[in-house]
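Shown next, in structure tokens, is the structure this report addresses.
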Amino acid sequence: MKRDWIATARTLSEALPYLQRYDGAIVVIKFGGNAMGDDEAMESFARDIVLMKQCRLQPVLVHGGGPMINTMLDRLAIPTEFKGGRRVTTPDVMEVVEMVLSGSVNKRIVQAINAQGGKAVGLSGKDANLMICDRLPGPGGEDIGLVGNPKKINPAVLKSFLDSDFIPVVAPLGVGEHGETYNVNGDTAAGAIAAAMHADRFLLLTDVAGVKDKDGDVITHLTADHVRKLTEDGTISGGMIPKTETALAALEGGTRAVVILDGRTPHACLLELFTEHGAGSLIRL
Ligand SMILES: Nc1ncnc2c1ncn2[C@@H]1O[C@H](COP(=O)(O)OP(=O)(O)O)[C@@H](O)[C@H]1O
Ligand SMILES: CC(=O)N[C@@H](CCC(=O)OP(=O)(O)O)C(=O)O
């Protein structure tokens with residue numbers, strides 16, 4: 001099956017003449033820690049983002065950085081654990097999470113984009129009250145600390161950056177009603193932003209080629225009902241469950257389509273957006 005919006009070409013070079021058609025399309029991209037790779041991969045990713053911007057698409061990046069947080073916690077000998085896919089976030093852990101996400105990870109991405117001629121601006125969900133959160137309990141209702149559940153997104157700051165030709169790069173931190181800082185799962189944060197922005201596409205970059213069927217083949221097109229069935233019968237499991245749940249929530253919130261794809265594939269985003277065959281699993285309601 002073919003992609004149906006900007007999918008007019010069989011190859012990337014064939015697609016170039018068509019690019020200007022997609023003037024203004026908002027593409028929210030979740031760039032996870034496992035998808036980031038080495039400096040060369042980061043440079044290639046940054047070049048693709050700048051190209052998208054030059055083609056008048058409007059990329060909004062929301063990044064993760066779980067592995068980088070783990071490394072820093074390890075260096076500081078602070079123990080860490082996950083419950084239901086969320087990091088139990090004590091005040092000590094929160095300090096490190098903010099330092100790593102808003103500091104080194106965010107600035108590495110901003111720097112990589114700017115080195116390719118883009119105008120990236122780094123911010124977190126705390127800036128301009130972008131992501132207001134309340135506290136997310138653990139899977140059994142237990143306390144898992146300062147983990148945020150986005151309850152209100154104020155996308156005005158992102159829109160003003162897009163209007164001024166900047167590329168926003170968002171670290172997944174949130175702010176509580178009383179000014180407290182929350183640690184938000186990167187997928188969750190990106191999904192909430194994609195919904196609030198009514199994104200044309202929400203690309204979830206991960207470390208598998210897409211949602212796979214029982215035989216291990218990537219399913220290129222999925223509906224929300226199909227996703228629910230695959231989850232019920234156990235085909236979708238583990239880390240893919242929160243990812244597809246995030247995808248469905250983003251669709252229900254107003255995103256046009258979500259794609260789960262392998263961020264380590266060179267030019268993954270461009271292949272998905274600008275070729276007929278796409279590059280992962282496209283999910284619609
Ligand atoms: N049906 C499925 N299709 C693809 N991956 C699946 C499926 N079910 C479970 N998974 C697992 O989900 C993982 C992706 O989730 P996760 O590791 O949390 O990604 P990330 O670190 O990018 O957030 C895959 O590496 C794979 O092991
Ligand atoms: C609450 C929670 O778990 N937050 C995540 C935030 C980073 C993240 O989501 O990073 P990846 O996308 O690279 O996994 C964490 O502390 O690891």
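Any Cβ shown, glycine's included, is placed from N, Cα and C.
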Of the candidates R47, R87, R201, the one that TrEMBL places in the substrate site of G65, G66, N183: R87
Protein Cβ atoms within 10 Å of R87 (substrate binding site), excluding its own: 22
Under 8 Å by Cβ from G65 (substrate binding site), counting only residues of that chain that are 6 or more apart: G33, M36, V100, L101, V105, A171, G186
Substrate binding residues G65, G66, R87, N183: largest Cα-Cα distance, in Å and rounded to whole number: 12
